[in-house]
Every structure is written in structure tokens, then in C-alpha cells.
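Read the structure below first, then the notes.
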Amino acid sequence: MKTLDDLETQLGGFAGRRVLVRSDLNVPLDHDRRDGAGQPVITDDGRLRASVPTLRRLLDAGARVVVTAHLGRPKGAPEAKYSLAPVHARLAELLPGVEVGFCPVTVGAQATAAVDALADGELLLLENIRFNAGETSKDDEEREAFADELAALADAFVSDGFGAVHRKHASVYDVALRLPHAAGGLVATEVEVLQRLTAHPERPYAVVLGGSKVSDKLGVIDNLLGSLLGEGDRLLVGGGMVFTFLKAQGYEVGKSLLETDQLDRVAGYVRTAREKGVELVLPTDVVAATAFAADAEHDVVAVDAIPADRLGLDIGPDSGAAFAARLADARTVFWNGPMGVFEMEPYSHGTRAVAQALVDGGAFSVVGGGDSAAAVRTLGFADERFGHISTGGGASLEYLEGKHLPGLDVLS
């Protein structure tokens, strides 16, 4: 992949050049809370902060930076709740001394005029790219036509939205075919980290998987047990997905989340792990509640004694300690998915135990985006206490599955 330095050389410098940057600014918003300007409150600005170094590098070199990004999943038309206006306000705060403008459209005469008005070292954020049907269209002609409009706004393209590189979208894939291009610093770092996880990881290698559904992790488990993990490595499973693992081994799980259609496949994972010498670590106790609510009656119970009228919402304290012990001497750790419903304090302790184990251990630890990143920040852990916090949940998983990611392939 070309770097920013390569692109700067190719262009003869960034000064005066219009550079279209595809960033990942897809941050969580709390629409029930408002800031001083009346905008929804951003609850985790990690992706914004991760985007700043690439933007600052271009701005300091005199580029006229045009940023495009998505927020949420609008259906190809404007929806007020998905506007990037709150993101614009926070981005301006993160770039002091920079003129940061906002354009309420993405392409067309208004966008062209706004880009033309930029001076060297200024930035323009375009409105949500997914307000345009062409961005995500499965029709190649429609998507490519939209990419033509985007490319007309710039002299070069920088791909820095790692969280979207697994999508064959106009602003991720097609624009790169139309302009001189390079990977931004964030994308380059993410790829370097993932290569470290897949090429020659230090061992013992421990992978911690959580989240609600095992069906969301099938591809990555297939690849982990098929090639990445070997004898002496560990696969630790928690979160809602663990109840399918427990049921596959004969345990009753009450009203806990269960994917009955995956039981046979999960039973196969258990056998494969045993045959390969991969230690499969499952909880021995869980926090079982009468309802999915923070104030519901709840108790710690053994996994062989989950009441029929209760659902598991976190791994228990004994399991948290056991997980921490299996992570203590690991040399490489990848973690994707919380151990419980961390947003509710009674069910946050398992996730906290895993996070603390990574902080205390000596492994190169990677927190795999999405809910995992939100969890560690919500629980008060600083980013720098981990080896790397990825900005790409789905993209990271697909990379670990061994899939080709369109947004990376086009940069190669």
C-alpha cells in the first residue's frame, strides 16, 4: 500500500491540493442528551480522535482536506438523526486553530462550491455519505456514477476509515480507482496490527470472544481453530454467545440467549479445540437475572444450576478470575466482544475483569473495535493501557477470517 509520504511525493507536495479523506467517524450518539448547541451527545469519541493524526498531517502540509464519512445506517436518503453535525462540532474541537467547515450535502453544486472556497490548511466535512443511495448500491453503474461525483471534488484520495474497508462502497473502493491514492496513518496502523495477530504472533496466543451471538463470530472461529490457534493457545468465550456453547455440552441455560440452529456447529468447535490442543475456556459461573434490566433480581449461579426462569447476563466472579489467570502468561491477546451487558453495572464485572487482566499482563493486547472498545472506555480504562484499540469491529473480524477486504485490496 502507498503511504502518505508516497502520495505526497507523487503529487509534488500536498500544498494547495484537494485531498478527499474517507474517515471513520461512526460514533455512538445519545439522542436523549444534548450538548450546549442542542446536538446529541457523543458518548465515545475514540474514532474521531483516531482520525485526527492523518487529518493533521495533511493540514499541516497545506492540503485542502475534504472529509467524507458515514454515521449509522440511513437508507440512502437524509435522516436528521444520522446527520454528521454533532461530529463536526467535536472534530472542530479536536483540531484547534483549523478552520473546520461543514457542508449539508455530499455532492453537487453546493458541495463543489464549498470545496472551491477552501484555503490551504482548511478542512471541510461533508454530510453523511450514506444519505446518497449510490454509496452502498449493489448496482455497479449507480455506485460508480456516485464515485465519479465524489472524485470530481478532489485531486487525491486517502483511505483512513478502517471500520469501512470491508465494504465495497463508492467512498471506500470506487473512488480509489479514480484518483491518486494512499492509505492514511490509521489504516496503515490497523493493518500492521492485524498482520501481527495473523502472521507470526507470539505465543501463547489467547483469543477472547464475547458479544451476543455466536452466529456473528462463525467465520472467525473457523479460521482461529483452522489455522491461527495451535497447541497451548487458548480460546476464551463469554457474553451471550457462551450459552450456545454451554447448551452444546449438555447444560440447561434457562432463558439465556440461545441459538439452537448453531448447536451442532458449536459442538464441532469443542471437538476441534480438543483435538488441536487449544484450551477452550468457558465460564463456570454466571450472573443470572429474572429480567433484562439493571434493577432485576440477580444472583451468581454455577453454569450447571441456571434456573429455568432466569437469563445469564454476565460471567461470574470465579469465571472472571479464571479468565484473568489464563490471560496472565499469554504473549498475544485479541479480544472482541464484552463478557456481559456492561452498560448495566451489575453485569459489567466480567468485562472489567478481562480488561484489567489485559492491562496487568505483559501481552501485546488488541481490543477489537465496536462494543469492546466502547466497553473499556465506559469502564474507565484509558486507550494507552492496551497494545491497540481497533476502530474496526466488523473489518477486524473479517480480516481475521482470512477474507479479502475490498477497501484494502484496492489500495494494494
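Including glycine, each Cβ sits where the backbone N, Cα and C put it.
When Arg130, Arg234, Arg265 are compared with the substrate site residues Asp24, Leu25, Asn26, Arg47, His70, Leu71, Gly72, Arg73, Arg167 in Swiss-Prot, the one appearing in that site is Arg130. When secondary structure is read from DSSP and collapsed to three states, Gly312 (ATP binding site) falls in the strand class. The substrate site, placed at the center of the C-beta atoms of Asp24, Leu25, Asn26, Arg47, His70, Leu71, Gly72, Arg73, Arg130, Arg167, has further neighbours from the same chain whose C-beta lies within 8 angstroms: Ala69, Asn128, Ile129, Gly163, Ala164.
For the binding-site residues shown (Glu343, Asp371), fewest C-beta neighbours within 10 angstroms: Glu343. For the binding-site residues Gly72, Gly312, Gly370, the ranking by surrounding Cβ atoms (within 10 Å, all protein chains) places Gly312 first.
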